[in-house]
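Trainee: Before we start, here is the structure in question, set down as structure tokens.
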């Protein structure tokens with residue numbers, strides 16, 4: 001199991017805001033996508049980002065991950081403003097986009113080992129198996145990903161979260177293509193992450209159970225819980 005990093009919580013009690021967005025704005029083609037985004041997340045906290053298609057949910061996550069630059073505003077981590085390519089910040093986050101980001105010619109085992117190497121870690125056969133088991137997909141670890149269903153591929157992508165500890169999860173529609181049993185596996189993984197002092201910012205079209213703050217983009221409208 002991944003080992004939580006230190007300095008974010010004490011005996012499971014949050015020590016104050018760790019991630020903060022300050023008046024964030026993002027534009028595409030000269031047109032504003034969102035403006036005036038302010039929020040903070042402490043250890044054990046989760047923000048659910050909701051809104052209609054085109055409201056900027058995915059763009060916000062990509063700004064937070066450093067893949068896009070904001071038009072204005074700032075992101076701070078542990079009280080320090082995050083600069084482009086900040087290694088300390090990037091090594092503290094895990095990003096799972098709406099697309100799975102998987103080379104389908106690899107097996108699930110090969111994909112997770114490669115993902116671990118990118119973080120400077122060596123994944124053993126057992127750590128990969130355990131990570132896949134957390135998402136209920138360990139039996140397919142040596143099967144080419146191209147032969148898996150969309151739901152199975154999504155679970156392989158999410159298994160990266162169980163393989164390598166990262167304090168901040170940035171997740172774009174994590175439940176896409178998941179059945180109820182697989183969604184329950186993800187909820188258990190998320191709950192454990194938050195109990196261990198982790199944080200998450202999750203873009204979703206359907207509110208996840210378990211609470212947390214809700215950040216509405218693109219105007220108010222009601223969303224049913226998952």
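Using N, Cα and C of the backbone, Cβ positions are placed for all residues, glycine too.
From Swiss-Prot, here are the annotated features:
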type	residues	note
BINDING	51, 52, 53, 54, 55, 56, 57, 58	ATP binding site
DOMAIN	19-226	domain 'ABC transporter'
Trainee: Output the one of 53, 55 that, of all these binding-site residues, has the highest number of other Cβ atoms within 10 Å of its Cβ.
Mentor: 55
Trainee: Return the average pLDDT for the domain 'ABC transporter' (19-226) as a whole number.
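Mentor: Result for the domain 'ABC transporter' (19-226): average pLDDT 92.
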Trainee: With the cut-off set at 10 Å between Cβ atoms, which of these binding-site residues ends up with the most neighbours? Options: 51, 52, 54, 56.
Mentor: 56
Trainee: Determine, from DSSP, whether residue 56 (ATP binding site) sits in helix, strand or coil.
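Mentor: It is coil.
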Trainee: Taking the Cβ of residue 57 (ATP binding site) as reference, which residues of that chain separated by at least 6 in sequence fall under 8 Å from it?
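Mentor: The list for residue 57 (ATP binding site) reads 49, 50, 51, 172, 203, 217, given in order along the sequence.
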Trainee: Long-range same-chain neighbours of residue 58 (ATP binding site), Cβ under 8 Å, sequence gap at least 6?
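Mentor: 97, 98, 172, 203 - these are the non-local Cβ neighbours of residue 58 (ATP binding site), listed in sequence order.
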Trainee: Enumerate the residues of the same chain, 51, 52, 53, 54, 55, 56, 57, 58 excluded, that satisfy the criterion Cβ within 8 A of the mean position of the Cβ atoms of the recorded ATP site; list them in sequence order.
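Mentor: Other same-chain residues near the ATP site: 59, 217, 218.
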